[in-house]
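Features as listed in Swiss-Prot:
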BINDING   GLU302, GLU329, HIS346, HIS445  Mn(2+) binding site
Amino acid sequence: MIDLKQYEFWFLVGSQYLYGLETLKKVEQQASRIVEALNNDPIFPSKIVLKPVLKNSAEIREIFEKANAEPKCAGVIVWMHTFSPSKMWIRGLSINKKPLLHLHTQYNREIPWDTIDMDYMNLNQSAHGDREHGFIHARMRLPRKVVVGHWEDREVREKIAKWMRVACAIQDGRTGQIVRFGDNMREVASTEGDKVEAQIKLGWSINTWGVGELAERVKAVPENEVEELLKEYKERYIMPEDEYSLKAIREQAKMEIALREFLKEKNAIAFTTTFEDLHDLPQLPGLAVQRLMEEGYGFGAEGDWKAAGLVRALKVMGAGLPGGTSFMEDYTYHLTPGNELVLGAHMLEVCPTIAKEKPRIEVHPLSIGGKADPARLVFDGQEGPAVNASIVDMGNRFRLVVNRVLSVPIERKMPKLPTARVLWKPLPDFKRATTAWILAGGSHHTAFSTAVDVEYLIDWAEALEIEYLVIDENLDLENFKKELRWNELYWGLLKR
């Protein structure tokens, strides 16, 4: 479902007519070699497209107009090969709507000590050309990613590739829809939010459909489609054979087919359900939701559209990378002194992309929702570095809270726990990380990912100009409290 190859990134090189046609030709040739080399590196998720060298204000404005109008263009990379006076860039930058990366590099890695002359100096001016360009970005208060270093360096390429994945997630969020089946869980605060502001700031279009419409589609699913899907279940998962379980699994298969059809029809990228509004659905969607998350859809339980959108964004960022991303909830604690851990799970809806083993389909009673026993995938989660991220509405802004965690082995079996689960240690440690999370107002619902790291989320927040707070091994609680106070002032004063 997620194809980052559909996007492209425009590579804009700045110069001016001052240096003459011969120098401009060399600028174009060297830029072409850089872009060709980058496109030959599989680390980049999308194609980088070189545009003609930009030499005056009219050309610059025109290229940004075209970038804005091109849905395939997910972002713009700028580099000043020579000195390119930045007043020329104001009209173009002022209309830019795409994520922006400022690459501060140079074609040659080393100074040619024995042959360097003024022709070389006039050609290779990014050392001061990019400083001029950096000033106009700062003066215009533009959100941008700055990457510094030689274009052949692995670290430089990794940072560009991460940013490209983030930009793809932003473009995806601006063109798709989040479908809500029913409303938020009654009386819950953190899952609420301003859907109008979400579309303005994040690009997410969030709309609600009645569960009854979905229920009618479930009833109309052809039996032959159900049989085909059951064959796939048997191939991919450990599946029970008893009649009680198979009946429940068939109902989830029907819901999966109906949900997928509905989501495709609405051009949806994510969706929510709530156990308080199931209408004529036979079960709370469990296996069906897990399967759709596995395809790449974002999901949020209990109407949590912010979690659904964030899960989708991380899935786009991590598409094709090792690991996975899931809707998650901090469920219960293991509080042995010195080894405090969090058990993350949800009633049914944990994505199998984070499974460390072949998932099992199980059917068990569910005490809420008032429906038949639902089928779900059960598994232990992957081990290793991960992130937990939550987006909350603070009234005058969105706040992204991110915690680096270490997922650890589940050393004891839990034979009576009928849900997928993952066990992690928050960094820097349980007490400080949890204190900071609670002080920041982070939700109990999160996007949990073993595919992306904190840098992706920082790039995402900065590109969208929303507040972010990072809780990691460098946390100082007193400074964190100060950051919360400073942010209140900053975001209160900021008017854009």
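Glycine too: its Cβ is placed from the backbone N, Cα and C atoms.
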Enumerate the residues of the same chain, GLU302, GLU329, HIS346, HIS445 excluded, that satisfy the criterion Cβ within 8 A of the mean position of the Cβ atoms of the recorded Mn(2+) site; list them in sequence order.
GLY300, ALA301, ASP304, ALA307, PHE327, MET328, MET347, GLU349, HIS444
So which of the binding-site residues is most packed in, judged by how many other Cβ atoms lie within 10 Å of its Cβ, out of HIS346, HIS445?
HIS445
Mapped DSSP class for GLU329 (Mn(2+) binding site), helix or strand or coil:
strand
For GLU302 (Mn(2+) binding site), just count the other CB atoms lying within 10 A of its CB, please.
23
Return the residues near GLU329 (Mn(2+) binding site) by Cβ distance under 8 Å, restricted to its own chain and a separation of at least 6 in sequence.
ALA301, GLY344, ALA345, HIS346, HIS444, HIS445, THR446
